[in-house]
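Quick look at what Swiss-Prot annotates:
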- 1-141: topological domain 'Cytoplasmic' (TOPO_DOM)
- 1-66: region 'Disordered' (REGION)
- 25-36: compositional bias 'Gly residues' (COMPBIAS)
- 40-55: compositional bias 'Low complexity' (COMPBIAS)
- 72-109: coiled coil (COILED)
- 142-162: transmembrane segment (TRANSMEM)
- 174-194: transmembrane segment (TRANSMEM)
- 209-229: transmembrane segment (TRANSMEM)
- 257-277: transmembrane segment (TRANSMEM)
- 278-306: topological domain 'Cytoplasmic' (TOPO_DOM)
Amino acid sequence: MAGRYDSNPFEEDDVNPFSEQARGKAGGQPSYGGGAFYMPNPRNVPSVSSNSRLSPLPPEPAAFGATVDIPLDSSKDLKNREKELQAREAELNKREKELKRREEAAARAGIVIEEKNWPPFLPLIHHDITNEIPSHLQRMQYVAFASFLGLACCLFWNVIAVTSAWVKGEGVKIWLLAIIYFISGVPGAYVLWYRPLYNAMRTDSALKFGLFFLVYLFHILFCVFSAVAPPVVFEGKSLAGILPAIDLISKNALVGIFYFVGFGLFCVESLLSIWVIQQVYMYFRGSGKAAEMKRDATRGAMRAAF
């Protein structure tokens with residue numbers, strides 16, 4: 001039996017394979033430990049010379065120094081642009097100061113610059129109840145504005161009703177009168193009574209209130225007259241009132257219905273207008289504007305007399 005510290009007969013010697021002695025020994029002795037890679041005569045294997053190595057590729061320059069053409073403005077161009085911007089800024093400041101000076105001069109002269117803002121899709125007039133009319137008068141002004149729009153609606157429907165009567169053989173004269181009512185009635189109402197009321201509410205002017213009352217009474221009379229449409233002008237058929245509606249319903253039901261609708265619209269407009277003038281008159285009396293208007297009228301009469 002082998003001892004505890006006996007050497008292993010299968011253990012290889014501690015030999016440095018890179019030493020010259022080991023190289024000579026390996027060249028002189030056959031090797032049987034190669035297994036499947038055993039070579040009977042290692043001398044027949046051609047040796048690899050140092051000159052058989054692959055030559056390295058030639059070095060290529062790195063792209064760190066590649067130039068990119070980026071157009072940069074010179075300092076002279078930058079200075080020119082800066083001067084141009086400064087000139088534009090100075091011109092804008094000059095225009096702003098001039099506009100401010102004109103606005104202040106207009107304000108001192110009592111001139112109010114009004115921007116057209118209504119209707120929104122095609123501004124024709126300046127109308128801003130929320131910002132220009134006192135809060136306690138806004139409801140009254142809105143109802144007056146509704147009566148103005150109601151008159152425009154009545155006259156427009158009147159054109160439709162009279163057009164249907166003209167198509168059914170009632171003559172072209174009534175249609176021309178209906179067109180005249182619409183073209184002259186809507187802008188006339190705005191200029192003669194709605195705008196004076198708007199300015200009276202905004203400036204609290206007794207004289208403008210008086211102009212409104214005078215013209216608005218004629219407006220109410222016209223609405224009542226249109227609702228009845230007596231046979232005064234062209235048998236009254238130029239207005240869609242109750243009397244021509246009764247006359248036409250027996251001839252043509254559709255035309256008669258159009259006239260009855262017009263009669264209803266004129267009735268609603270008359271009632272709304274009566275409510276407006278009543279409310280405005282109550283405010284006019286309660287605020288002391290009636291007495292102020294009397295004093296102004298007395299002063300005007302005395303000045304005219306002397």
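Every residue gets a Cβ built from N, Cα and C, even glycine.
Note that the structure is a prediction, hence the values are computed from the model and not measured.
Residues 151, 154, 158, 189, 192-193, 196-197, 200, 236-237, 239-244, 263, 266-267, 269-270, 273-274, 276-277, 280-281, 284, 289, 293 of the same chain, all 6+ positions outside the transmembrane segment (209-229), place their C-beta atoms under 8 angstroms from a C-beta of that stretch. Looking just at the topological domain 'Cytoplasmic' (278-306), the mean pLDDT is 72.
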